[in-house]
Amino acid sequence: MPIGSIAIGAPGEASHPDTIKASLAEFISTLIFVFAGEGSGMAFNKLTNDGSTTPAGLVAASLAHGFALFVAVSVGANISGGHVNPAVTFGAFLGGNISLIRGILYWIAQLLGSVVACLLLKLATGGLETSAFSLSSDVSVWNAVVFEIVMTFGLVYTVYATAVDPRKGDLGVIAPIAIGFIVGANILAGGAFDGASMNPAVSFGPAVVSWTWDNHWVYWVGPLIGAAIAALVYDGVFIGQATHEQLPPSDY
């Protein structure tokens, strides 16, 4: 990845109407995603007496998150790019597809969207607590970090291949479907070990509302490292300097 491709952003970008609209779109998309994903776990607990950690609960979480992410990415794609994830935004920044200023605003919007979604869930359920992400009893923090790195690598690599690559052509809804599928599959693979976050915003909202911060750093460090590796590999190897170009918001 050429260092010169990384953009800080113009001084007035933060207050530009397009940036504000894009940030609002990220807030709404993340709210939709977290409300459905976290809410599905709460509903499963209510119906099965805390059975969300069972195999059936894992499958339910996979389906809910996969479907919800497909929708969240689709509704935001034409406005903000439909990142719905600080790790995806970080990967896009490293590839020169989004400026630092816009990326920071996206992060703020995504984190706020997650917190508001969890607060709405607490209100709508009569005070039920959202469950913060945690490690299984036999999983170390470093096991979890590796899981998050590998799973987020797969997610961000998929984002690059289906949504960022200038040669992608007209894929229509293929990108949101592929992104939803990889998240659902990764939840089946890693959910029993560390919850399979792949998304710092998804972990942040429940942690704030339940005020549970045990090993929370894992769900930032792992996804950001995985996103960075995926962005550097795909942009450096498969896109390359010859085909690299700054993409408009609707194309990343």
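For all residues, glycine too, the Cβ spot is worked out from N, Cα and C.
Under the topological domain names given by Swiss-Prot, GLY96 lies on the same membrane side as ARG167. Below 8 angstroms of C-beta separation, residues 79-81, 93-96, 98-102, 105-106, 108-109, 231-232, 235-236, 241, 244, 246, 249 of the same chain, each at least six residues beyond the ends of the topological domain 'Cytoplasmic' (1-23), sit close to that stretch. Remark: the transmembrane segment (173-193) contacts the transmembrane segment (56-76), by the rule of 3 or more CB pairs under 8 A.
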